[in-house]
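K.L.:
Got a structure for you, written out below as structure tokens; questions coming shortly.
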């Protein structure tokens, strides 16, 4: 690769196939929310991979799925728009699950929406299964996508094959100048990242009905008047029902305090300063199905 290359790559796949973890591993810092709950990525976050010979801008999309709510439909539209605007699509299929109808549907969607975009298939989570299972999955993936797509097995957790994947992706980008200055790792505003970190902490270890019903809005960020080493962050967690409010707050407010502590530590890392984090929980009835409320909450 003699001339500098730069371009956009998006990872797609069923929910929970390791797309956000992969983004964070390639960038080398946390820019995408990771959670073992499916469908937790809501915005297309661009993580940026800098090397001397190339720059890869990673667009992290929500998992593509058959939508059940207006929010689900908007997330799917966002994914499809992204498909047609990038240089390379990385289809993520985990090594530890058999290929199913969801994977086939997504492959069909990619070929229908972006037939000319370069496709690389990434077999994720290879650390979770023995070598023979990885080999069998590579064969199955090859049957699914045919001879045109390159297939790369990786583990974002252990780092195995990440350098190979980076080189494969970079090799498929067009020649061109860097889009972002060296050292910049994401173009997401800090407030969006803070909201995502709070959302991630709130989703940790809760029941299945909550992820889709939880939205976080940063209400105010301001330096503390009498202290230049402290920033006050006020955030509101919106849920759809009273019962969900109870889940988020927990007995005597214990769960909300845990969420606050976990999120505050991550936000302090992000901002590089001490943070006072104030969290409130409010109900926005059925916000996922209401266009006005979706707009107000940033979708």
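For all residues, glycine too, the Cβ spot is worked out from N, Cα and C.
According to Swiss-Prot:
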DOMAIN    5-175  domain 'Era-type G'
REGION    13-20  region 'G1'
BINDING   13-20, 60-64, 124-127  GTP binding site
REGION    39-43  region 'G2'
REGION    60-63  region 'G3'
REGION    124-127  region 'G4'
DOMAIN    206-285  domain 'KH type-2'
K.L.:
What kind of secondary structure is residue 126 (GTP binding site) part of, going by DSSP in three states?
P.N.:
helix
K.L.:
Can you tell which of 13, 16, 19, 126 has the most other C-beta atoms within 10 Å, given these are the binding-site residues?
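P.N.:
Checking each of 13, 16, 19, 126, the winner is 19.
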K.L.:
Which whole-number mean pLDDT does the model give the domain 'KH type-2' (206-285)?
P.N.:
84
K.L.:
Reduce the DSSP letter at residue 19 (GTP binding site) to three states and note it down.
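P.N.:
Helix, per DSSP.
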